Amino acid sequence: MTIHSPVVTVDGPSGAGKGTLCMLLAEKLGYNLLDSGAIYRVLALAAIHHGVDLGSEEGLVPLAANLDVQFKAEGDLVKVILEGEDVSSELRKEETGMAASKVAALPQVREALLRRQRAFASAPGLVADGRDMGTVVFTGAEVKIFLDASAEERANRRMKQLQQKGLNVRFDRLLSEIQERDDRDRNRAVAPLRPAEDALVLDSTSMNIDEVVAQALTFIESKL
């Protein structure tokens, strides 16, 4: 007998607050968590650890298919556990990002990782954070949410985050970067950023995180 495992997808542009929302939903629902944005970095790191050539589809595909990774919500952070080891800080390194770009360019690797992401949908349920979770990866998900916010608000949030780290940045530069990324994401040929037809669209521009979580939970309860 197969146990039904509900899937909640949360898509949206960079800086809308998807990560925080997904982490809180996973904690409140007791569900598993998938941070799809980190999955290519995780694979790149696994390849480096195992000495697999970053340009070798032959070596990367089996690694992707059997990727031993968990995403665990702890406090206000998501810990990434690769083969039993916390690699959260390693994932943020620039060289990991560059390696991820190389593996993401390989079609067979992308297909293998797509199947691996779908395997996260296991009991008791899954909250999946990304840009195409509801439109490509989990098209049959019971609950689909698209979290948005104005580019100005997202730039403002990012600026506050950087200032808290002691970094001074110009608002207009941040805004320009976000607008350029939005344009790329929404107009790309493969899996453009858009809400699924049956998604709840939440605009968090003038909402705090508690309000966003409350609306999301109400929607989830109405669907499950």
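Cβ coordinates are placed from backbone N, Cα and C, and glycine is handled just like the others.
Predicted, not measured: the structure shown is a model, and the values here were computed from it.
Among the features that Swiss-Prot reports, ATP binding site is placed at Gly12, Pro13, Ser14, Gly15, Ala16, Gly17, Lys18, Gly19, Thr20.
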DSSP on Ala16 (ATP binding site), three-state: which is it?
coil
Run through the Cβ atoms and count how many others sit within 10 Å of the one on Ala16 (ATP binding site).
24
Enumerate the residues of the same chain, Gly12, Pro13, Ser14, Gly15, Ala16, Gly17, Lys18, Gly19, Thr20 excluded, that satisfy the criterion Cβ within 8 A of the mean position of the Cβ atoms of the recorded ATP site; list them in sequence order.
Leu21, Leu147, Ala149, Arg154
Excluding near sequence neighbours, so keeping only residues 6 or more apart in the same chain, what lies with its CB under 8 A of Lys18 (ATP binding site)?
Val10, Asp11, Gly12, Asp129, Gly130, Leu147
